[in-house]
Amino acid sequence: MFGTTLVLALRSIRRHLLRSFLTILGIVIGVGAVVTMVTLGKATTAAVQQQISALGTNVLQVRPGQGFGRGGGGPRPPDFKPEDVTAIANQVAGVTAVAPQASATATAIYEGANWSTTINGTTAAFLTVQPWPLTAGRYWTPAEEEAGKAVCLIGNTVRQNLFRGGAAVGTRMRLGNISCDVIGTLSTRGQGGFGDQDDVVVMPIKAVQRRFTGSRDIRLMMVGVDTAYSTATVQAGIMDLLRERRNITGGKEDDFNIFDTKQISDTLTGTTTLLTRIVAAVAGISLVVGGIGIMNIMLVSVTERTREIGIRLAIGAVAREVLLQFLVEAVALSCLGGLIGLALAQLVILALVPVMQVPWTFDPQINVVAFAISAVIGVVFGYFPARRAAALNPIDALRHE
Amino acid sequence: MTVPLISLRGVTKVYGSGATQFQALKGVDLDITGGDFVAVMGPSGSGKSTTMNILGCLDMPSAGEFTFRGHHIETLDRDQRALLRRKYLGFVFQGFNLLSRTSALENVELPLLYRGEDKRSRRELGMAALDKVGLADWWDHTPAELSGGQQQRVAIARAIVTSPDVLLADEPTGNLDSERSVEIMQLLTTLNRDSGITVLMVTHEPDMAAFARTVVHFKDGLVERIEAQHRQGEAVEESPSRLREGLGVGLSPTTSSDTGGQAHPQPSSGSAVPPAQPEQRGTLFTPNSQAGGE
């Protein structure tokens, strides 16, 4: 009996191609919107995660003060000293390396081109914490680091703006008030969570301290965490050590903060996931509207086909068969709409991926779910018109004009 | 003479209720023998269509008994009646009632679909039925591409494709000109004679009723009178012998409104005086339409 009704339903759809198409338009758009939105949302989340992982995973950032700001009144918390770096590296379990950072801003000049950039003074540990390959040249030697020589690695943005794509390694450029040998160029990292990561000049920390900041103070320590340890454990160890070293006792608050990049990653991922869900919910509403569209057309169809129903009943269709016919027709229509919607979504995603600069992804789960929902919508919104058709009195139906 | 194929006893039909109540049938008694060709006539509102709807198992009597092949139909539910229509009945309507945008063959195959026949046998039976009505060459034409007479022939093919016991035709020639009408009537006559299908036909045209063997006249919700007649070109002697044997006198054209007091269901035969018509052939009908509907 089911095979028969399926044949009948498909025949009916085929006989009214235009009307069938208009009927399923809502479902097509609904399914297409849901799949597109969820897929692109997930791709965006993946892109964000990728950018954050560029900051380094399993990295703790230790800064003086509370939070990112220096806080309101009160004495300024002291910066860290090189001894703090050594202490953390030697005394806290699970730490792979500690990279101190001293930053300054200066204008780099080379053959008439100038570019204002950030100078990042650090040690070789920086590369252990966050590997950063070179495209050309070399890293500085331990001797150069110890002596604080004016050698530098330049980020890709600096290279582009100062050297116009020409050879940079081996040249000598001006950086603020000093001359500096360019010994290597860093590979591209792209946009991070906090701006252009390639707009940077990296130098031995002693050089930066001596020539730019004029002190041994360290504003930031990047702590690499062994993957065998949880960042929370290491974070607690650093906290205890620094409180001791900075004479913070009892209930006094820390005058430094430890930031886990994983937390940023989780927060941002959570935000994009939430946004994806909201957009998907809005798209889901259009799916329901599409279902109501099917119900409308099916109701009209039942009225318009009253005579046909009368004929079927007269020649011996039982009510159940008429109900099933219209129900199957509605489900077939909505499933067809779902399939077209899925195809449409793939086209839209292919078109939008380059524009939105997110990686192309195919998520089987959302495709299956969206299709299943379209089928369910066919059942739910097809049932009422179908029941109405089945309940018709054959005599009245045959007289219907 | 055995049990009649169809038998109505004291059948009434009331529409509506209260002040708007309307009694369409006031106690109809009617027997129809298998293989007969019956024309039902009467003015509008006489109850002939209501009777046809009940005979077609499309409608239920308000009271009274309706037996088909000895089974009580008035006890069947909606789906059981549908299955009975599917198995034993075929319908032809005044307005043809074919599915539009659907080929003649698919229209004819429709009842077979509900019978669960497979594609091949649907096609064979469908083509055979179209062949019987002379439209085998037109199988792939939609109703819009067919003339009225052709459409009605497709409808007849659809009605007979399941080899039903009874063919119910509601004013089958009502929408056709006289020439097409005669063709349709000849087709029905042939089917009746060759395939043995019992034909019940509502008509208001005496010319069409002339093709029937038996004519039932309705008036005011009752069977007014029943006449048996020669079919055109058919001698009395050719009529089945059973028709002449016994039981015959059942016909009581006593438009018995006069005898109104009688209780029904009234046993059919015996009481009434057979009419003097020479072509009277017996017990096909036991009208006894009581003036039952007080």
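Even glycines carry a Cβ here, placed using N, Cα and C.
According to TrEMBL, the protein has these features:
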{"type": "DOMAIN", "residues": "A:20-238", "note": "domain 'MacB-like periplasmic core'"}
{"type": "DOMAIN", "residues": "A:281-394", "note": "domain 'ABC3 transporter permease C-terminal'"}
{"type": "TRANSMEM", "residues": "A:21-41", "note": "transmembrane segment"}
{"type": "TRANSMEM", "residues": "A:278-302", "note": "transmembrane segment"}
{"type": "TRANSMEM", "residues": "A:323-353", "note": "transmembrane segment"}
{"type": "TRANSMEM", "residues": "A:365-384", "note": "transmembrane segment"}
Inset, instruction - Take the transmembrane segment (A:323-353) and find every residue of the same chain, 6 or more past its ends, with a Cβ under 8 Å from one of its Cβ atoms. - result: 1-2, 5-6, 8-10, 12-13, 20, 23-36, 39-40, 43, 290-291, 294-295, 298, 301-302, 312, 317, 359-360, 362, 367, 370-371, 373-375, 377-379, 381-383, 385-387, 389-390
Inset, instruction - Using a Cβ-Cβ cut-off of under 8 Å, list the residues of the same chain that are 6+ residues beyond the ends of the transmembrane segment (A:365-384) and lie near it. - result: 27, 30-31, 34-35, 38-39, 284, 287-288, 290-292, 294-295, 298-299, 326-327, 329-335, 337-339, 341-342, 345
Inset, instruction - State the mean pLDDT for the domain 'MacB-like periplasmic core' (A:20-238). - result: 85
